[in-house]
Amino acid sequence: MAQWERLRQLHSVYQQQLDELYDRDGLPMDVRYYLAAWIEKQEWERAVRDYDLAMVLFQVLLDNLDTQHSRFVQEEQFLLKHNIRRYKQNFQVCLEQPCTLASTILWFLQKEKEILETAELDMQVKLLQVEPEQMETDSQKDLERRMAGLRNEVQCVEHALTCLEEQQDEFDFKYKTHQMEGATEEAAKKEQDQNMKVLQMLINRLDECRKTMLSNLGKLLDRSEELLSVLVKKELLEWQKRQQKACIGAPDNVCLDQLENWFTCVAVCLFQVREFLSKLQELMGKLTYPNDPVKAQKPVLQSRVDSLLTELLKSAFVVETQPSMPQGKGPLVLRTNVQFSVKTRLLVKFPELNHAMRVTVSMSRYRRFNVLGSNSKALNMAESQTGGMVADFRHLTLKEQKSGGSGKGVNDISLSVTEELHIIYFDTVFEMKGLSVNLQAASLPVVVISNSSQQQSAWSSILWFNMLSQDPKDITFFANCPAAMWPQLGEMLSWQFLSATKRGLEPEQLDMIAYKLFGKQQNYDSCKMTWSRFSKENVPNANFTFWVWFDGILVLVKTYLENLWRDGSIMGFVSKAREKTLLKKKQTGTFLLRFSESVRDGGITFSWVEYSPTGEPDVKSVQPFTKVDLSQIPFHEIIRNFQIFEAENVPENPLLYLYPNTPKDEAFGKYYTDKTGDDSPYIKYIKTKLMFVSKENTLEAKSPMYSDMAEGEGLEPVNGLCGEAAGSSAACVMQLTPPNIHAV
């Protein structure tokens, strides 16, 4: 079934997500609907990198809109005819940048897939009749038992209160009867004395029951306080730490449903205690006596239950989804004048408060920002898939206030803009059954930038803060920034690949990175990395920092190499010495894929082993391929078509076996696009077949392999790619420093 048809059949909750997706500019829902089949058949991912293909798709898109316009003219659909004409005019602005339009359409299709995947996962969970999180710890099971015990105690106290009320009614009836009899002179004195004894017994028993009731309420509050302490100081704190790690890529569970159940359970019980106290007050109003225990103890219990409820409610208001831009590098990096979204949630769910509590948004004081957009919204149950009380802000924008002052306030220290941390606050008021509590939730610290070029540096600040900070509100963190131990840093680096590509870093890859940072060590666990060295200081013999290098590789993999990385074809982080050790014992033509250590924005190369007539291993390599190269031809096609010229000038592909011993075509065959000549996308759209060819005598054939830093890296085309009209046999040449690589 087509993707759009599947989306239209989803539950209303997901339909709402789809509506919100197409609230954005870029791709009108009408265009998506009427051109659904055509849109889903096109290779938008390749069009993002391929200008010629993008231009072809752009022209076909306009033709399709013309066809739809003609159809609506014939059908006299005035409004649709008008809209389609307007959409075509809006798309005309992409004439000079068709790749941008392809990127926009690809982004919308990917977001649709995310909605479908979420819906399908939820459906699978419901069919299996299991909770989303299957792994229930012993402490959670114990907490569930204690919650059940609390509910049971509340029921027991409720029953005891009913019995107490019945006893008081019995006393009241007999006391009034005694008064009536006492007013009759004929009543025997002996009988009156007997009645007084009965009344005294009843009042004594009533007094004892009141004392027992108050004692049980005290014990109920003790149990509630213990559970509240576990919820706030353990479970909620652990969730906040998981959320911090999840924001920087950790695969931690941040679902709030279980916490919501627990918080709601305790809140319901505490509100019932308030009702019990109100009932006792009512009974005391009907009947009191000297040394009445309700009169003495009720105010203390009332104050205590209100205090516990206040603490619970203040803790229960949280930021469920941290602030993030739709196409940002990660959460918590915001750009002025660019929309971002954030979701708050009240973990105490009372249906009667649906749409009754309004949440307002504000910003921390220094470097003042105006929060624009819909910055006030009601907590409601419609915007949550599980029916939680949420306020989902989807269209907020920050605009910096212009101030005449020159100081930075709390940041009156030498910090860069990407080290300045800000907190977004959310305020609301809880009012129910006579209790009113002001609530405030705070986001994790955000970095606010004004230019997309600052995003890489800002994201490194978010990574460092959430990896190391023990105080989620410490906005002066970078004034005295701690160093990271290697185990922490290595885990965080692995999360970046895991979140971007669904495959993290192997221990061997992490060891190579540690070796690059700290040199050879017996054990790297005690090694430390400073913030400055991570994000500010250039690595030796280079003009970029460690983070810039690492992030460049991550972006390269995510954009061009994700499939090869996920299936394990790319060894990636491996030192040159280790590379030689691995290859020199393998058969001729064995090759591996590794990342360059000296290309700023990410580079990947391959090295292979050959043997001299005397049997000596000879490891050779080519200059790294960058995003410039991979945007023109996929890396698997480069590997497939790479050739060198032998002495007889006969081209030969030296790449035969992917390390350790997988035949090349077996490893990469599933990715080949040029299955048959006529079906090749390069033939169809570029009319040019790219083939990377190296002259053998220009390859550095040293063992160990030559340093890519010494040789210089990156493809620098002199003539660039050239293409001729359809049907011609075009030839394109790239002039390069050794080794030479040609496109034929």
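Using the three backbone atoms N, Cα and C, a Cβ is placed for every residue, glycine included.
According to TrEMBL, the feature coiled coil maps to residues 140-167, out of the candidate ranges 140-167, 448-475, 560-587, 700-727. Summed and averaged per residue, pLDDT over the coiled coil (140-167) gives 87. Summarised by DSSP class, the composition of the domain 'SH2' (565-672) is 29 helix, 30 strand, 49 coil.
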